[in-house]
Each structure stands twice: as C-alpha cells, then as structure tokens.
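K.L.:
What follows is a structure written as structure tokens; I'll ask about it next.
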Amino acid sequence: MKRAVVVFSGGQDSTTCLVQALQQYDEVHCVTFDYGQRHRAEIDVARELALKLGARAHKVLDVTLLNELAVSSLTRDSIPVPDYEPEADGIPNTFVPGRNILFLTLAAIYAYQVKAEAVITGVCETDFSGYPDCRDEFVKALNHAVSLGMAKDIRFETPLMWIDKAETWALADYYGKLDLVRNETLTCYNGIKGDGCGHCAACNLRANGLNHYLADKPTVMAAIKQKTGLK
C-alpha cells in the first residue's frame, strides 16, 4: 500500500497537494501544526477540508514553542501584516524562521510511524513570497539529512515547486476542485477565508494566478499537463 503524509495548512497550495495526493496514493494522512499562529482559523479550515476530502487521518501537532522563538507578523499581533508591495526587497516580516525545517522534520517522523513513503509539501519557488525555506535546494538538503538520521528513505515531494499560481489553479481544476479551493481554503495573511482580504501578498499572488488562469484556461491547462505529465 502506498502511503503519503501531506503538510496541511488548509490553504490553496496544500489543499491542491492533498487533492492530487488522494489520486496518487492509497492512503493519505494530513499533518497540521499549531504554532500559535496569528489566525487560528486555518487549523479549523484544515480539519474541515481533511475530513471533507477523505484523508485517512488528520493530526494537529502542538508546536507552540516555535511562537516563542520566531518573531513574525504571523506570530505577533503587535506586528502588522504588510500590504503587497511588488518592488519590496528582502525577506518579508511574514516569514517564520525555522517553520518549514520543523514542519518537514516532524512530518517525516510521523511518516516513519505510519510507514508512509513520502512527505508532500506545497512550497514553490516559481512565484513565492521570498521565503528561504521554500527553495528547492533547502527541501532537498533537509530531505537528505532526515533520511540519513532515520536510516530510512522518506521522500519529500514538492509537486508545486516549479509551477506558478495560475498553473496551481489549473491543477485544482484538473481534479475538479477549483471551486472548493477558491471558496473553502484559507490563504490570506489576515485570516479571511476564500478570496481573502485582497491586499496582502498572499492574496495578491492567489488572485493574480486565478485571473491569469481564468483568462486563458486552455493555454495554462496545457502547460500544467506538459510539466506534470497529466493526460
């Protein structure tokens, strides 16, 4: 039996990964992390979606220690979430240092226990918010270290790494879940479900990708099929 663990936040990217994983694996587990994030609603959204989509199990892990160590606008109410600035340089204050290091490592430990061969994460390097822990080289390096440390080949999969947001929408649509991803996921840094606040960086990426996809569905769908090998 093929098993996978999805690092699951209930946002657009991880939900699209879950939708695809359910088609590719016999048994899919979801792991969501409670790190004292600014908007706890994402945990509730993740619970609802994991149940609705048919994950074998959904585990919410308490990692609130991360909140004490990592100062970010996503962990501190006193730090405002910035509006999207297309020309902004550097790492944004929404970056939570060490988050993906911790999440992927703990997900791998869980995968070890349930005998899963893969940990799936929705990180992307094509159009992202400048987070260093979303890069392909980081994921591969951590995957190598974790596999060595466990003496087990647990594979980190990043199905969205080299596709853009328009193609991520196309992937959801390919599996018949575009409306669900649009209306029932929570990606917004200000904690607003669906289309979100419309002015944070996460909402801007999401909306621009959706508009691009809806404006030229055939071209974008053809591109995602070519990149992923979907028929």
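Note that Cβ sites are derived from N, Cα and C of the backbone, with glycine treated the same way.
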K.L.:
Using only what Swiss-Prot says about Zn(2+) binding by C197, C200, C203, identify which of C134, C188 is listed for that site too.
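P.N.:
Among C134, C188, only C188 appears alongside C197, C200, C203 as Zn(2+)-binding in Swiss-Prot.
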K.L.:
Using C-alpha atoms only, work out the spacing between C200 (Zn(2+) binding site) and G10 (ATP binding site) and round it to an integer in Å.
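P.N.:
Here the two Cα atoms lie 18 Å apart.
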K.L.:
Around the ATP site (F8, S9, G10, G11, Q12, D13, S14, T15, T16, C17, L18), what further same-chain residues have their C-beta within 8 angstroms of the site's C-beta centre?
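P.N.:
My list of surrounding residues reads V6, L49, G122, T185.
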K.L.:
What is the number of other Cβ atoms found within 10 Å of the Cβ of C203 (Zn(2+) binding site)?
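P.N.:
The answer is 20.
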K.L.:
Distance between Q12 (ATP binding site) and C203 (Zn(2+) binding site) at the Cα atoms, whole Å?
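P.N.:
Cα of Q12 (ATP binding site) to Cα of C203 (Zn(2+) binding site) measures 10 Å after rounding.
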K.L.:
Give me the CA-CA distance between S14 (ATP binding site) and C203 (Zn(2+) binding site), in Å, as a whole number.
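P.N.:
Cα-Cα, rounded: 15 Å.
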K.L.:
Can you give me the same-chain residues 6 or more apart in sequence from G10 (ATP binding site) with a CB-CB distance under 8 Å?
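P.N.:
Result: T32, E42, I43, D44, V45, A46, R47, E48, L49, T185, L186.
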